[in-house]
């Protein structure tokens, strides 16, 4: 499991470098899918299976569908993948930067175990993190109300921002 | 600073640099922003998991809701910009310079 | 905009700032900041013309990146020290990150470049909200973390004063000038923050009052550039006579209330034996004073060539609400004689 988590962390950094080196939006969205998958794995490795499930559902089920839709809006005839040299150079620079900076911080990596003890595994019938999320509905009720209010507010924000007054089409090409 | 902490901190800074130095598509900038929110989600989750703080597990959920709000507002701005400017190139955002 | 939607958005603005004020946990503070950002976006883009959408996009990118950085820095602090409290930022790395992110949110130099462009794209009412109400929540956080980095804070403040004075010099657009004046005023608040937070609150209060009267006057006169100011005597003669006083009060001249924060801040700096900083601050106020005087000159001493019909609009009754303008103008001119009362108003805040 330690080995797996190690691989997933490397995948996380590489995937983020792939997003941050700014290829065309399709490829960046693909990189973000990779990063979401890796972080699901890391969360499972640390014993948060419920949070990992939530992340998986929200990111892959909801958000990236939206991004795929709007990648169609911002499409271009000759997309720039990771093969083209400005993108690959930038990615290489980012990864090298991370590796170089890691020299300064690597002293503390091996002091303690960086794999969690996972006290939650036999907490109750369910895992500890799902119990913690359920607390949102009892003692965290105020925060839940705030979240709901913000979702409502965002509905109006999006409606007001995208309201076309007299300019009909989305894009005049 | 553990290895996990270093990994997601460096990923956060990478996506922040990507957001700062990027000048081409608004959508890519929004994707970088989304990657930053994803890293924040992982950071909050792992903090709660490592410290065995069950109560804090609700925090990442709220963060996820807010980041969904932010992403949808960003996409709405993308649509509004496609209406007014006809494109989503960030270079076109130069009407207010002087 | 539909009044129901408008009321929901204004409630969102109010709720966001209130949540940030009331929070002691970083996640809650971040939620308040995000609500503020989300709620003002449609207000900024309400006219849907390209400049407004551009300003909204820039504002959204800047604010959400800064808010995410604040939350990331506080989670770093939690990883390093196990604390989520706002007042328990102890590690220097998160302190510096949060200070820089908050100054990006506020528009302090050298992170101020977005502010003039964003304000230039808005109408004057939204510009007023952006340059007053939206500054409150980040400033509350900045005062609460009480950053223990004197070099960073002082240099941010000094650079802001100079950049605010220098940047506004050659502009003819009033909104850009007001944005630069906001940068300069924020610099004054930052410089004194580590010695006396009540003086910071006082400077913020006076800044809000004076900026409100400036924006409201320009809204009444329907003028957004220097050229339009030359015709304002034909639109509203009495406010044209009072407006130079408000502008000089923004510049900080003695018998007006804008002198009060500058006086007290320089006194405090001198008390802390920071004579050089105080001198620098006082001299950089002269830079700002130059463009305020330029606006006064255009407002009162010039009259553009005009036909007879163009000089009569003052006979028409204005439809705008003038009570806030009256209150803020008289406050921004007349507060200096009761300065002990004003000072005692902000003292119990901290």
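Each residue, glycine too, has its Cβ placed from N, Cα and C.
Note that TrEMBL annotation is computational and uncurated.
The domain 'NADH:quinone oxidoreductase/Mrp antiporter transmembrane' annotation in TrEMBL covers C:23-287.
For C:289-342, the entry in TrEMBL reads domain 'NADH dehydrogenase subunit 2 C-terminal'.
The transmembrane segment annotation in TrEMBL covers C:60-80 (among others).
What TrEMBL records for C:92-115 (among others) is transmembrane segment.
Per TrEMBL, the feature transmembrane segment maps to C:151-170 (among others). If one looks beyond the transmembrane segment (C:151-170) by at least 6 residues along the same chain, the residues whose Cβ comes under 8 Å of a Cβ in the stretch are 96, 99-100, 103, 108-110, 112, 116, 176-177, 180-194, 277, 280-281, 284-288, 290-291.
The transmembrane segment annotation in TrEMBL covers C:177-195 (among others).
Residues or ranges marked as transmembrane segment by TrEMBL: C:201-221 (among others).
Among the features that TrEMBL reports, transmembrane segment is placed at C:233-254 (among others).
Per TrEMBL, the feature transmembrane segment maps to C:274-293 (among others). Counting only same-chain residues 6+ beyond the ends of the transmembrane segment (C:274-293), those with a CB under 8 A from a CB of the stretch are 154, 158, 161-162, 164-166, 168-169, 171, 177, 180-181, 184, 187-188, 191, 247-248, 250-253, 262, 265-266.
According to TrEMBL, the transmembrane segment annotation covers C:325-347 (among others).
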Candidate ranges C:60-80, C:92-115, C:233-254 - greatest C-beta contact count to the transmembrane segment (C:325-347) (under 8 angstroms):
C:233-254
Residue counts (helix, strand, coil, in that order) that DSSP gives for the domain 'NADH dehydrogenase subunit 2 C-terminal' (C:289-342):
38 helix, 0 strand, 16 coil
Looking at the domain 'NADH dehydrogenase subunit 2 C-terminal' (C:289-342) alone, can you tell me the average pLDDT?
86
For the transmembrane segment (C:92-115), could you work out the same-chain residues 6 or more beyond its ends whose Cβ comes under 8 Å from its Cβ atoms?
33, 58-59, 62-63, 65-67, 69-70, 72-74, 76-77, 80, 135, 138-139, 141-142, 145, 147-149, 152-153, 156-157, 159-160, 162-164, 167, 179, 182-183, 186-187, 190
Restricting to the same chain and to residues at least six past its boundaries, which positions have a Cβ under 8 Å from a Cβ of the transmembrane segment (C:233-254)?
181, 185, 210-211, 213-214, 217, 220-222, 261-262, 285, 288-289, 292-293, 295-296, 299-300, 303, 306, 310-314, 318, 325, 329, 332-333, 336
